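Chemist: This is the feature table in TrEMBL:
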- 6-24: transmembrane segment (TRANSMEM)
- 45-63: transmembrane segment (TRANSMEM)
- 69-91: transmembrane segment (TRANSMEM)
- 98-116: transmembrane segment (TRANSMEM)
- 136-156: transmembrane segment (TRANSMEM)
- 163-182: transmembrane segment (TRANSMEM)
- 202-222: transmembrane segment (TRANSMEM)
- 234-254: transmembrane segment (TRANSMEM)
- 260-283: transmembrane segment (TRANSMEM)
């Protein structure tokens with residue numbers, strides 16, 4: 001029952017995030033279309049979207065205290081398929097065949113994930129976290145992760161390599177630490193609320209600092225990727241990398257598949273594959289939103305004759321021509 005609650009909470013939270021993102025996008029589009037331009041933070045609709053986003057993130061954080069990482073992390077695909085379907089109502093987009101196919105594959109994958117994820121005890125004490133931190137599998141995993149991250153950071157800083165795979169791999173490596181810390185902090189808070197105080201242990205504050213630091217740098221590199229590349233490329237790759245790293249960290253740190261049967265592991269991995277494929281299909285060939293650029297009316301420029309309304313051309317250095325034939329004839333005569 002505890003794990004089921006975590007699953008439902010994670011799914012509802014990700015759906016709430018997809019609603020919030022569409023509301024924010026709708027608010028931005030409405031502000032752009034207004035004659036008098038106002039800052040986005042003056043819009044009540046935008047604040048409504050931000051509030052829902054905050055509630056969704058809090059729900060996701062809480063879900064890690066009730067369900068395994070291997071189950072909560074892949075449920076992030078709910079926000080992707082939710083956004084694809086909700087945008088039909090908020091942004092008046094048309095439903096594509098790819099959206100239906102991708103949504104079907106993703107929902108099938110979610111069903112397999114929920115069905116075949118091992119049911120592990122979710123009461124995680126501070127002493128257990130301390131033991132996991134000094135276990136040899138996690139120490140080996142940490143050393144490998146630090147080495148890979150340093151190599152990627154070297155290419156990023158010294159060689160100025162800004163490839164999408166490099167950026168999102170760094171995000172995924174940081175995300176693996178984030179989900180480990182989030183689960184530890186969430187579980188210790190949940191136990192403390194139940195009466196088993198865990199907040200007096202130093203490991204709680206160590207994990208809190210790790211959570212905040214890794215999350216901050218994760219956002220930094222993710223924003224860089226979003227700035228350099230289209231969201232249609234960043235979203236599916238980031239989802240695949242993040243989910244994979246989160247599952248690996250849960251398996252190594254929390255030993256979530258320690259007693260799982262071979263069939264359960266195979267079906268779980270197959271569910272992940274279907275979810276990945278569904279998200280990629282939804283995001284593939286999805287057109288980016290471009291705002292309409294208004295025509296420039298030069299009819300009120302003194303001394304010039306207007307040949308028509310001029311549309312800015314991004315492929316040309318000039319913005320059009322003004323009729324100067326009369327002036328040129330006068331000068332030649």
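Please read every residue number as a count from 1 along the shown chain.
Glycine is treated like the rest: Cβ placed from N, Cα and C.
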Chemist: Any contact between the transmembrane segment (136-156) and the transmembrane segment (69-91)? By contact I mean 3+ C-beta pairs closer than 8 Å, pairs at least 6 apart along the chain.
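Modeler: They are not in contact.
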Chemist: To the transmembrane segment (98-116), which of 45-63, 202-222, 234-254, 260-283 is linked by the most Cβ pairs under 8 Å?
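Modeler: The stretch with the most contacts is 260-283.
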Chemist: If I count Cβ-Cβ pairs under 8 A between the transmembrane segment (163-182) and each of 6-24, 202-222, 234-254, 260-283, which range comes out on top?
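Modeler: It is 234-254, which has the most Cβ pairs under 8 Å.
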Chemist: Are there residues at least 6 beyond the ends of the transmembrane segment (45-63) whose Cβ is under 8 Å from a Cβ of it, and what are they?
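Modeler: Beyond its ends, the transmembrane segment (45-63) has Cβ neighbours at 6-7, 9-10, 12-17, 19-24, 26-28, 30, 72, 75, 79, 182, 186, 190.
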